[in-house]
Amino acid sequence: MSYSVACSTFANMRAENDGAADSDTTSDISCEEGKPVADLVTYSLLDLYSGCGAMSTGLCLGAELAGIKLETKWAVDMNSHACESLKHNHPSTQVRNEKAEDFLSLLQQWKALCNKYVIHGSNSLASDLAQASNDDEKDENESLPKDVFEVERLVDVCYGDPNKTGKNGLWFKVRWKKYDASQDTWEPIDGLSDSYECIKEFVQSGYRDSILPLPGSVDVICGGPPCQGVSGFNRFIKPDDPLTDEKNKQLVVFMDIVNYLRPKYVLMENVVDILKFADGFLGRYALSRLVAMNYQSRLGMMVAGCYGLPQFRMRAFIWGALPSMVLPKFPLPTHDVIKRGLVPNAFSRCLVAYEETANKHLRKALVLEDAISDLPEVQNHQPNDVMEYDSDPKTEFQRYIRLSSRDMKGYSFEDATPKKGQLFDHQPLQLNNDDYARVQQIPEKKGANFRDLKGVRVGAKNTVEFNPNIPRALLSSGKPLVPDYAMSFIKGKSSKPFRRLWWDETVPTVVTRAEPHNQAILHPTQHRVLTVRENARLQGFPDYYRLFGPVKEKYIQVGNAVAVPVARALGYSLGQSLRGEFVGDQPLFKLPESFSCMGQAAATGSSVGVVEAE
Ligand code: SAH
């Protein structure tokens with residue numbers, strides 16, 4: 001492999017890479033009159049740390065635009081609400097609500113089970129069958145003692161400790177004869193030694209249906225292993241040994257899963273801090289693991305707003321590709337967003353952007369109004385998670401985001417298409433009475449925040465202080481109108497507490513919390529925080545994408561997500577690579593004009609997010 005500093009790229013040497021992928025990969029995906037034969041092939045995707053599935057959703061949408069059918073076959077997340085959301089939006093995905101480390105152990109056990117019952121099944125079948133039929137006879141001849149139950153079949157498998165016994169192991173979920181699903185229980189494999197036939201049947205049918213991936217059977221792995229040990233807000237980091245920090249362990253687990261399954265492609269997402277903290281130790285670790293596994297790899301930092309969102313949000317992405325595949329390039333911006341935020345020096349060339357001097361032809365950056373101005377007015381207390389649109393889309397962005405899943409070309413989400421005119425999750429986190437009273441007093445103007453409340457004045461060096469000439473204003477509850485935490489936040493220099501967003505602004509970064517105490521998240525003209533749906537719009541989630549769990553959990557799923565348009569642009573790049581379209585060693589490429597979501601919305605017209613005629 002060669003190493004190039006630009007986009008920290010490790011790639012096959014030129015001679016091998018020229019002319020795209022080797023015969024292995026091009027044979028079934030060559031192009032015929034511009035139409036890829038790859039249409040016939042469905043590529044499988046495993047989404048690790050999937051959250052509600054934004055990253056894989058975007059990847060599949062983008063790959064489709066490149067003529068490649070990519071399907072999220074498996075997803076893993078330890079958060080049950082996120083899993084519920086993913087399952088609803090991707091009904092045919094095998095969604096596993098478990099820890100990634102347990103998932104890896106399960107994969108290893110599953111392979112052994114498949115070897116035993118599927119691959120080598122015939123060798124031991126005769127004696128096993130004899131044993132099984134003996135058991136059957138026994139069953140028929142003897143009635144069971146009262147406290148013995150009979151296994152009807154096995155319905156699930158997991159690795160871990162589902163019964164909280166304090167010991168990890170392999171477990172099967174048992175459906176008991178004469179009982180329904182509500183009485184299913186998890187049983188350890190050792191306790192099922194009499195149920196040989198049931199295990200065999202379960203493994204054979206699970207193998208047929210690919211309920212779990214086996215080494216070599218996965219085309220793409222994507223995921224964002226959480227690395228909380230690098231967060232600026234986290235004080236318990238271990239600068240000397242970041243990988244032993246429990247909070248960074250998932251980076252190791254992610255790479256271990258890649259090592260075990262050996263997919264054709266890998267895409268890892270993370271916060272830019274992995275390139276800053278301890279001289280980019282974690283980012284370097286990720287790259288070096290890939291290279292050590294003989295993957296080509298490439299690192300890039302992408303700004304979400306550059307792909308058509310009113311949100312800045314910079315994230316780091318790392319591609320990995322087997323030596324036999326074409327290494328994906330990073331897609332250049334389509335929208336003109338001013339770069340801000342610190343790019344770590346050592347990786348400054350990895351920022352996915354045009355050279356200053358280039359002829360860019362970029363579209364205008366989007367602002368808040370473009371994204372949310374068509375949504376119905378809602379109150380601070382809004383318990384319904386389904387309502388109706390009350391106006392037509394007003395902008396190209398809104399027309400696109402309100403498209404049906406079918407029109408958005410998301411073949412894998414068709415079952416989840418909502419009824420015409422329905423709008424989901426347009427609910428704000430309900431503010432308590434005191435905060436609601438405070439928010440009602442924040443003026444509806446650009447930049448308004450707690451500094452506009454009675455009794456606050458701005459002193460020297462932009463620091464707030466209480467106006468000594470006015471008694472401290474109180475709410476009807478007796479609590480102060482201006483809370484102490486607002487006055488002391490960032491030593492009194494911040495204007496973020498209770499700040500309204502304004503229509504012409506780009507939001508810095510959508511986060512997982514929705515409290516207005518130390519971030520700008522109030523609606524410009526309504527007395528509430530942005531709703532889950534408004535945040536989802538800022539992250540580029542299609543309106544048809546529905547979220548599950550308590551409202552706080554929905555905010556978490558949205559705030560954790562990879563912005564869908566970014567994932568979609570990366571999916572296009574992946575699709576091009578799978579088709580063997582990329583040649584040369586340039587790390588970046590220009591998306592086609594037709595890629596832009598706006599063009600697509602205009603072409604197909606909206607069919608879900610329309611207001612129903614009375
Ligand atoms: N890529 C996702 C967002 C991922 S956020 C998207 O685009 O929507 C990270 C996720 O990792 C969270 O949903 C969290 O529940 C999950 N997670 C954290 N630790 C985990 C672990 N040990 N195993 C599995 N999932 C984990």
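Cβ atoms are placed via backbone N, Cα and C, with glycine included.
Look at TrEMBL and you will find Cys227 tagged as active site. The annotation domain 'Chromo' is assigned in TrEMBL to 149-202.
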Under 8 Å by Cβ from the residue listed as 'active site', counting only residues of that chain that are 6 or more apart: Lys247, Asn248, Gln250, Leu251, Asn270, Val271, Asp273, Ile274, Leu282
Stretch-averaged pLDDT - the domain 'Chromo' (149-202): 94
Counts by DSSP class (helix H/G/I, strand E/B, coil) across the domain 'Chromo' (149-202): 14 helix, 22 strand, 18 coil
